[in-house]
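Listed in TrEMBL for this protein:
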type: DOMAIN; residues: 74-386; note: domain 'Peptidase A1'
type: ACT_SITE; residues: ASP92; note: active site
type: DISULFID; residues: CYS105-CYS110; note: disulfide bond
type: ACT_SITE; residues: ASP274; note: active site
Amino acid sequence: MFSKYFIVGVCLVAIASSELLRYFYFGFNFLKKFNISPLTSIKLKRTPKALITHRTVKGRSGVELLKNYAGFDYYGEIGIGTPAQTFTVIFDTGSSNLWIPSISCDSNGCSNHKKYDSSASETYVARGEGIQMSYEGQSMKGHLSQDTITVAGLTVTNQIFAEATSLSSAFTDTYFDGVLGLAYRSIAERNVTPVLYNMHSQGVISYPIFSFYLNRKTNDSRDGGEIIFGGSDPNLYIGSLTYVPVISQGFWQIKIDSVTIGGFAFCSCQTILDSGISGIIGAIDAIARIHSIIGAEQDDFGNFVVACESVLRFPKINFNLGGNNYPLTGSDYIIQLTVDGVTTCMSGFKSHPNIGDDDLPWILGNIFLGKYYTEFDMANNRVGFAIAR
């Protein structure tokens, strides 16, 4: 089993603009297996937001509004304890554990983050088991604890989670405090029962289903979309959801029939849907061909950049999933960042780092999930897609 723990997509560090592009990256993604180097993210202004429930969602469910950075990174808030202590987390389909910094963490990685104080919670239960998540020279170390969790207006009791007592310095400037994993229990460290499982078993939601609407159509960081626990909202997508079966109940892993661009076809393979990264990661030869077709050139920081004025003329890239095509246009797969008045356009594609990694699954991150409303159905082990409104 390989693991992916920490995530953030296209992120920047608030430093001198001459060095800024050095920090463009795809996230703490499958680091132990894929050898992708982690970096840090820009600090964003925290904006108050409400917890709501849509009347259009059937059964017991809850809706959490998300904030976004540049339309590619998405965050929400949860509460832990009684009274609730609030934390900003990434809702991550590429991992299964919940972790947040502990009040006892004095390492640099915890320095800019909110910390959980068990002594301030009436519902805290000590567990004590140690836990460590390691990846390419970075780590999260801590212990398991148990408390009440609130998310999307829903309350989950007796949830086991990790208190991070030591975080590597790579976490110092990340915008998120912690991670709430939404993958299957089989990849959870210490075999901890994930939050979604407890939501369902405790009757908090009617179905073990969640869905993402990631809003890439706005520059307002407060309007990042939403995650629904317990169902989906047909008001947020066009037509009907089309489902693809999950191949392996660990990650949200499905089959890709093909990826096509400009007469070239790649990848009768598998892919993992990962809300914790911004871009798309694939085989070296395939990504090199895509970059050649769109004329992307590698800059001094390893990013593949294109002429911004050409983006609207770029060909569509079609992902065939379950016999249906899901195209991305140039505007979808090119990431546009403006720093100090200068706009840079970068490819949203990245290759696995090693030639021998071509048999690894592709990874579809938020530039794909932002185009297509996605329902993750654990009850029927399937994923549904529709064009997002």
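Just so it is clear, glycine is given a Cβ too, placed from its N, Cα and C backbone atoms.
Unlike curated records, TrEMBL annotations are generated automatically.
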Nearest of the recorded positions (CYS105, CYS110, ASP274) to ASP92 (active site) - Cα to Cα: ASP274
All-chain count of other Cβ atoms within 10 Å of ASP92 (active site): 28
ASP274 (active site) to CYS105 (disulfide bond) - Cα separation in whole Å: 28
Spatial neighbours, same chain, of CYS110 (disulfide bond) - Cβ under 8 Å, 6+ residues apart: PRO101, SER102, ALA164, SER166, LEU167, PHE171
Count of other CB atoms lying within 10 Å of the CB belonging to ASP274 (active site): 31
